[in-house]
Amino acid sequence: MSDISQARLTPTTRAGSRKVFIKTYGCQMNVYDSQRMGDALANGGYVATETMEDADLILLNTCHIREKAAEKIYSELGRIRDMKAERALEGRDMRVAVAGCVAQAEGEEIIARAPVVDLVIGPQTYHRLPEALARVDKGERVIETDYAVEDKFEHLPRAAKKDIRARGVTAFLTVQEGCDKFCTFCVVPYTRGAEVSRPFAQILDEARQLAEAGVREVTLLGQNVNAWHGKDPTGKSIGLGGLLFALAEIPGLKRLRYTTSHPRDMDDALIAAHRDLPALMPYLHLPVQSGSDAILKAMNRRHSAADYLRLIDRIRTARSDIALSGDFIVGFPGESEADFEATMQLVSDVDYASAFSFKYSARPGTPGAALSDHVSEAVKSERLARLQALLRRQQQAFSESLVGQSLSVLIEKPGRRPGQIVGRSPYLQPVVMRQGVGAIGDIVTVEIANSVANSLIAEGAMHLEPTGMVA
Ligand code: SAH
Ligand code: SF4
Ligand code: F3S
């Protein structure tokens with residue numbers, strides 16, 4: 001990539017040597033989408049660059065989930081405008097495209113507010129990216145945000161083996177997109193559209209291709225991944241549990257994960273997969289958002305706190321060593337101190353290994369934004385601090401409970417210091433190990449000596465002789 005000379009970056013450059021810089025915000029699905037857009041652009045002759053200043057095309061893949069996430073995009077576009085102006089003085093051109101959930105939600109507004117933007121493209125139309133860029137080349141400003149009728153995954157090109165390898169031994173694979181749940185705080189049903197499951201055969205094919213290129217761990221993605229449903233080759237209707245059983249048969253795929261799940265869609269077959277599939281990692285992200293039944297109802301989560309706790313019991317009965325993670329929102333409209341205490345109580349009852357927590361952010365067009373009784377920023381901040389302190393204590397206690405235990409670790413990459421190598425525990429924690437325990441892509445069993453910040457340190461890893469080698 002770095003062997004493309006400066007001279008070939010001028011606007012007169014042939015399409016065959018243009019450079020694209022892709023910046024990804026938001027969830028893992030955006031990471032996956034950025035890779036697939038990168039694949040589509042590679043097919044059209046673009047090469048990836050790691051530096052924005054170098055790029056002939058800047059592609060921002062955006063997130064709309066909270067106000068801050070969306071506003072970040074406009075400040076980034078301000079910086080890009082200045083960069084583009086500087087480049088214009090040098091006689092060089094640069095295209096700017098905005099993809100993702102902000103593109104879908106605010107397409108017209110982006111075009112009006114940010115003249116620097118040449119193309120706005122929503123998540124359902126990424127397969128049309130090369131064609132849309134061709135229109136931009138002809139001088140058009142393009143907005144492509146219709147929900148496409150054709151299957152975008154069918155039309156997006158596959159990644160080249162060398163690109164899969166370059167991305168490492170773990171990979172994301174989107175199996176389901178969109179959401180029909182309409183939680184009253186959430187923009188996803190509007191930005192990603194209705195729930196759609198990719199067909200069984202398409203998923204199996206892509207997973208096989210990943211495994212053949214050296215991928216050892218696949219994380220299945222969906223906004224509501226456990227709502228995935230399809231038909232197996234015999235025509236039998238199956239859910240995510242059935243899909244996981246089929247994926248576990250693929251040679252080379254040693255570890256499986258999935259995210260994000262809704263408590264209402266954790267069915268018996270999926271719980272059975274946790275019991276019966278060694279490849280399915282004992283780590284589950286199962287957001288609950290609040291521990292108060294009144295708030296859960298106002299959020300339209302369609303389950304109670306007790307339903308959630310019963311579900312956790314069933315999952316733990318099936319797989320006793322499972323570690324749990326969750327998402328929480330504090331300060332949803334109408335949340336009283338007692339409602340918040342109910343959330344703290346639920347967190348204490350569940351005992352999370354890790355979690356994400358956020359202040360409620362009113363999103364235009366969602367039912368939550370229209371509610372009265374909004375909670376003040378000061379109260380939200382104070383509650384978030386209390387919740388995060390509790391969650392941090394739980395996370396630390398979980399990490400410390402692993403010290404002295406043997407864990408299986410998938411080796412992912414060289415460490416930051418010479419002589420170190422880093423992998424992931426079954427619970428997604430980075431594990432720092434001594435180089436030589438195995439090669440990248442190997443799964444090794446190591447004893448945990450220590451836990452530091454968010455990482456685990458394997459026995460021997462910190463007592464290294466200086467090797468003079470650069471890892
Ligand atoms: N599909 C997933 C998560 C979607 S968004 C699920 O159903 O859980 C990821 C997380 O962002 C959510 O779980 C929620 O905790 C948070 N979130 C979503 N909308 C939000 C909003 N308006 N304000 C604050 N946090 C929000
Ligand atoms: Fe948003 Fe709720 Fe759907 Fe999750 S389940 S994506 S929080 S609407
Ligand atoms: Fe953000 Fe869209 Fe993902 S709003 S969290 S990028 S689905």
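Any Cβ shown, glycine's included, is placed from N, Cα and C.
Fair warning: this is a prediction, and the values are worked out from it, not measured in the lab.
Per TrEMBL, the features are:
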DOMAIN    18-138  domain 'MTTase N-terminal'
BINDING   CYS27, CYS63, CYS101  [4Fe-4S] cluster 1 binding site
DOMAIN    165-397  domain 'Radical SAM core'
BINDING   CYS179, CYS183, CYS186  [4Fe-4S] cluster 2 binding site
DOMAIN    400-462  domain 'TRAM'
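Annotated features taken from TrEMBL, shown on the structure.
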{"residue": "CYS27", "record": "[4Fe-4S] cluster 1 binding site", "contacts (Cβ under 8 Å, 6+ apart)": "CYS63, ILE65, THR260"}
{"residue": "CYS101", "record": "[4Fe-4S] cluster 1 binding site", "contacts (Cβ under 8 Å, 6+ apart)": "GLY26, ASN30, THR62, CYS63, HIS64, ILE65, PRO123, VAL187, VAL188, THR191, ARG192"}
{"residue": "CYS179", "record": "[4Fe-4S] cluster 2 binding site", "contacts (Cβ under 8 Å, 6+ apart)": "CYS186, VAL188, PRO189, ARG192, ALA194, GLU195, GLN223, ASN224"}
{"residue": "CYS183", "record": "[4Fe-4S] cluster 2 binding site", "contacts (Cβ under 8 Å, 6+ apart)": "GLN289, MET299, ASN300, ARG301"}
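Proximity of the binding-site residues (CYS27, CYS63, CYS101, CYS179, CYS183) to ligand 3: a Cβ under 6 Å from the molecule is found for CYS27, CYS63, CYS101. Residues TYR25, GLY26, MET29, ASN30, THR62, HIS64, ILE65, ALA69, GLY100, THR191 surround the recorded [4Fe-4S] cluster 1 site, their Cβ atoms falling within 8 Å of the Cβ centroid of CYS27, CYS63, CYS101, which are themselves excluded. In this view, CYS63 ([4Fe-4S] cluster 1 binding site) is surrounded by 21 other Cβ atoms within 10 Å of its Cβ, with every protein chain counted. Each of LYS181, PHE182, PHE185, VAL187, VAL188, PRO189, GLN223 belongs to the same chain as CYS179, CYS183, CYS186, is absent from that list, and has a C-beta within 8 angstroms of the C-beta centroid marking the [4Fe-4S] cluster 2 site.
The local packing around CYS186 ([4Fe-4S] cluster 2 binding site), expressed as other Cβ atoms within 10 Å of its Cβ over all shown chains, amounts to 21. Broken down by DSSP into helix, strand and coil, the domain 'TRAM' (400-462) contains 2 helix, 33 strand, 28 coil.
Checked against ligand 2, the binding-site residues CYS27, CYS63, CYS101, CYS179, CYS183, CYS186 give CYS179, CYS183, CYS186 as the ones with a Cβ under 6 Å from it, listed in sequence order. Ligand 1 lies within reach of CYS186 from the binding-site residues CYS63, CYS101, CYS186, judged by a C-beta closer than 6 angstroms to any of its atoms.
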